[in-house]
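Per TrEMBL, these features apply:
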type     : residues  : note
DOMAIN   : A:95-280  : domain 'ABC transmembrane type-1'
REGION   : A:1-24    : region 'Disordered'
TRANSMEM : A:39-60   : transmembrane segment
TRANSMEM : A:66-87   : transmembrane segment
TRANSMEM : A:99-121  : transmembrane segment
TRANSMEM : A:133-155 : transmembrane segment
TRANSMEM : A:162-180 : transmembrane segment
TRANSMEM : A:186-215 : transmembrane segment
TRANSMEM : A:222-245 : transmembrane segment
TRANSMEM : A:251-271 : transmembrane segment
Amino acid sequence: MSLASSDARIEPGTDTRPPAGSFEEAFRAEHRRRRRHAAMWRLVLNAAGIALFVIAWELIPRYSSWINEVLFPPPSQVFEAFVPLLLSGEIVKNIRVSLLRAASGFGVALVLGIGAGVMTARLSWLQYLFEPLLHGFRSIPAIALIPLCILWFGIGETSKTALIAWGAFFPLWITTFIGVRDVNPIYLRSAACLGAGRLTTLFLVVLPAALPFILAGIRQALSVSLVVLVAAEMSGASSGIAHMMSEGHQLFRVDIMFIGLAVLGAFGFLVDRTFVAVARRLFPWYQITS
Amino acid sequence: MSAAGALIAVEHVSQVYAGRDGAPNWALRDVSLRIGRGEFVCLIGPSGCGKTTLLHLVAGFVKPTSGTVSFAGTPVAGPGPERVVVFQEYALFAWMTARQNVEFGLRTRGVPRAERRALALRALERVSLRHAADRYPHELSGGMRQRVAVARALVVEPEVLLMDEPFAAVDAMTRQSLQEDLLRLWRETGVSVVFVTHNVDEAAFLAQRVVVMGANPGSIRADLAIEAPHPRDRGSPRFAALYSDVADALAAHHGRKAA
Ligand SMILES: Nc1ncnc2c1ncn2[C@@H]1O[C@H](COP(=O)(O)OP(=O)(O)O)[C@@H](O)[C@H]1O
Ligand SMILES: [Mg+2]
């Protein structure tokens, strides 16, 4: 307030500048224009990068003698193989099967991992009871369990879900544990003075305070889920993207293997983008507190 | 004031923490203090003299090693909404807007959404922050955050506000207006206030009673009543006299200790 009045003294009423309103309008329009321009430029370069890659991939096998087109089919051939798979609905079916497996395993891990993380962080006796087991099991790569899992559960969905859940559980447990353990005690004390009980404190204070850690765990668990999914499908399955790829391997169809790789790449990318968008949307305060 | 008549009664309380090698560290030794309903008391003393410990004992965050703390005649068993603490900083929930922060204490007691919202907005209005109701704490200045913290505490209608150096982290100009607002709210609501500070000016401006504490071991060294009515004019000779009374009481005990 005092600043505004001293401004008025320095620049008395006889002001020849255009009214502030139109200047601000123009400033805003210019700002918007620049932002749009920068975003467009970025998109153009993104698209150019992809186009360059595809062109090089198309031309090099065709015009060089040192690359075998059967082992390294150009995009036009891969696309030709892709169209019938798409039209027959086979690829869509495989994508759906794979996504369902990844989602069910990840879902189980999400519930168990966050639950275990919260319990072990809040109850020290549970922590001491389970920490040797959890840390011991955590060191076993999920892929090493595939043969055993197939023996126990066969090559059906149970064994895939169990393997993915196993792999995704540990990053979720560890990050939730750290996040909950390190919640600022001032938050807990504020909640207690304001009359919050255990459940209110858990859902309104502890979990949101631990969220930056939990989200990091979720992101890691998502990528682990995809890795374990592929390994499990390759070692015994009758459908799924990675199964389609091993069939391609047996039939010596590199183009089909390439399609599988492209789909898996797209999976990973879209899952991560979706995760970021959902997190931004749900937790507008998250960027700052993380 | 009898123990039964006091709102807060701290009787022969000692609080001992294990220091390095388990050596006992007397954060408080044999402290007794009674605070009446509606009183505005400042606890002042150098850092490490046990001010926060004493406040946390009354809040119910810790149990005394020996002695008793009672509130309205009953022993304090834990934290509760009749004794709300306002911390120095970073106590607002970062994932809630100002309004949601204020609503928190109403949510815990199941006040319906619409009523909760109206009460929270009214509480924000009283600290002149209604316009910032939908902002997150990181979008507020330090002074605004402390106003929200005060609104969040007052909305549950506590009997005492326990404030631990609540304005120490804000700039001097903001601090003065926070102090004036706190006095106004104290008058309007009749709440008791126990206000920890290490700032002589702050104690002289706010308190009806200044409890001077000293360290090693933490204990009460003096208990001064301040008769001057509010609002106090910092430029007046009367205020200068108050200031030097408090400063002298602090210095007397520390001077003697140091000498
Ligand atoms: N949780 C704790 N564990 C160990 N020592 C503590 C703890 N809290 C406080 N103390 C010690 O008790 C003494 C008083 O601390 P405190 O009450 O925070 O003082 P003040 O608020 O006056 O600065 C200090 O020596 C401090 O180191
Ligand atoms: Mg302190």
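Cβ coordinates are placed from backbone N, Cα and C, and glycine is handled just like the others.
Here the structure is a predicted model, which means the values were calculated and not measured.
Non-local neighbours of the transmembrane segment (A:186-215) in the same chain are 114, 117-118, 122, 172, 175-176, 178-180, 279, 283, 286, 289-290; each lies 6+ residues outside the stretch with a CB under 8 Å from one of its CB atoms.
In this chain, the transmembrane segment (A:162-180) lies apart from the transmembrane segment (A:66-87): fewer than three C-beta pairs between them fall below 8 angstroms, excluding pairs fewer than 6 positions apart. Listed as Cβ neighbours of the transmembrane segment (A:222-245) (distance under 8 Å, sequence separation of 6 or more from its ends, same chain) are residues 90-91, 93-95, 97-98, 101-102, 105-106, 109, 142-143, 146-147, 149-150, 155, 159-160, 163-164, 166-168, 171, 256-257, 259-261, 263-264, 267-268, 271-272, 275.
Remote same-chain partners of the transmembrane segment (A:99-121), defined as residues 6 or more beyond its termini with a Cβ less than 8 Å from a stretch Cβ, comprise 127, 130-131, 134, 157, 160-181, 202, 206-207, 214, 217-218, 221-222, 225-226, 228-229, 232-233, 240, 267.
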